[in-house]
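What TrEMBL records for this protein:
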| type | residues | note |
| --- | --- | --- |
| TRANSMEM | 12-32 | transmembrane segment |
| DOMAIN | 89-227 | domain 'Glycosyltransferase RgtA/B/C/D-like' |
| TRANSMEM | 91-109 | transmembrane segment |
| TRANSMEM | 115-133 | transmembrane segment |
| TRANSMEM | 171-200 | transmembrane segment |
| TRANSMEM | 212-228 | transmembrane segment |
| TRANSMEM | 338-356 | transmembrane segment |
| TRANSMEM | 363-383 | transmembrane segment |
| TRANSMEM | 389-410 | transmembrane segment |
Amino acid sequence: MSFLKRYKNHFIWLIVGLALALRLTALLNYGLSLYLNSDDAGYISSAVTFLETGMLTYHDPTHPTVHIMPGQTVLLASIFFFLGHGDLGIYAAKTLFILLGTLNVYLVYCLGKYIANIKVGLLAAFFLAIFVPQVLTDNLLLTETPFMTCLLGLVYFSIKLANEKKMSHFFLLMLFYVSAIMFKATIALYPFVLLIYFIAKKYPLKLALKQALIAIGILLITLGPWWVRNYIHYDEFIPLTGGSGNPLLLGTYQGHGYNIGEPYEKVKQDIKDMDTAHAYERLSLQKEAAIERIKTWWEEDPQLFLKSYIEFKTINQWETQFYWIEIFNISKELVNKIQVWIMYLGLASLTVFFLLREGKREYMFLLLLILYTTILNNIFFSYDRYNQPFMFIVFLFIAGFLTTFIHLVMKKVFSLKPQ
């Protein structure tokens, strides 16, 4: 026991090493076959076009896009600039994403250690290290891995700022917030979640107002060029992206939505047949069609509408894992069975609120983030891939629950031992 206590601070490096080994093994075993030919292909194409023309594109390489934020394109383009976009460049990009995925394991440890204790940090990091769907995703050139890095940094320094109130933590928080937005615009409303946490922590109002003004200035400086670029190309103010129309429309076909109106492919084709200049116009028309479908659905059957948008979509996005390619001979069926048990254990872990003496507000904050992403996906399109960057929160809850439960059991056992 003394050995474990003496070297417990070094255990994280074994876990980090395991995480790196699993991800590199997947890359060495499967190589470039870890490719979806979906969004990853779009990002690669976007990066190549960006290098060749200096224009951010996605659907159409000849027309600027507002479908995506520029983070993923710029990150990949930075690698392709030096190594090209052939096999060498792709391998280099995958290696970078693997390193980011491994860094995420360490950041989860830091977060767990800070809000609870080293045992929680180690256990949560271990769960993320061996989480096979995450091992796969860290080998794919999708936004999920770099976004998760930004999200972890954002959450970590938000909590440190709430407790220590250092300006250095505030600026790091803003760095990760802006970086996270550059990969996924869906995190933009994060400050509202943070506000609830800060109120619960009784954060000084004067300091909060000062930092809010600085934050507005930082956002004007960092996002201002993006707003100008969007206005030049589309002659309207587009704060982040204009790609919400498609997921909003898709979301109206989930649950019992497939019974409402015309089939999705028919609606999409009708819009495609219209005289539109570019993809942004088509996405805007899809948004209009989605709103009309929502209105019709609500008027025809509000009960089924609420059931689909609240119950069905919530279950749909959490009961499975994004795992399109099977690795290490682990089937998708097994992964999804494990995911169900993870979520059951995650729900049971909510009891940790009643067992903790400290850190309750931090766990509340993490729970609010889960609710935030769930509600956002329910409004649009519920999809397990969108929640994968938030799985570390589930692992932190489970780690907190298990360590607390084991501690209470051991305490009970030793109290019953004869003196």
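Every residue gets a Cβ built from N, Cα and C, even glycine.
Using the rule of three or more Cβ pairs under 8 Å, pairs at least 6 apart in sequence, the transmembrane segment (389-410) is in contact with the transmembrane segment (115-133). Long-range contacts of the transmembrane segment (115-133) within the same chain: residues 8-9, 11-12, 15-16, 18-19, 22, 104-106, 108-109, 159, 321-323, 327-328, 330, 335, 356, 359, 362-363, 366, 388, 391-392, 395-396, 398-400, 402-403, each at least 6 residues beyond the stretch ends and with a Cβ under 8 Å from a Cβ of the stretch. In this chain, the transmembrane segment (171-200) touches the transmembrane segment (363-383); three or more CB pairs sit within less than 8 A of each other, excluding pairs fewer than 6 residues apart.
Through the fold, the transmembrane segment (12-32) approaches residues 87, 90-91, 94-95, 98-99, 101-102, 105-106, 109, 121-122, 125-126, 128-130, 135-136, 138-139, 325, 327-328 of its own chain, all at least 6 residues removed from its boundaries and within a Cβ separation under 8 Å.
The DSSP breakdown of the domain 'Glycosyltransferase RgtA/B/C/D-like' (89-227) into helical (H, G, I), extended (E, B) and coil residues amounts to 123 helix, 0 strand, 16 coil. Residues belonging to the domain 'Glycosyltransferase RgtA/B/C/D-like' (89-227) score a mean pLDDT of 98 in the model. Same-chain residues lying 6+ beyond the ends of the transmembrane segment (171-200) with a Cβ under 8 Å from its Cβ atoms: 69-72, 74, 143, 146-147, 150-151, 153-154, 157-158, 161-162, 208, 214-215, 218-219, 222-223, 239-241, 361, 364-365, 368-369, 372-373, 376, 386.
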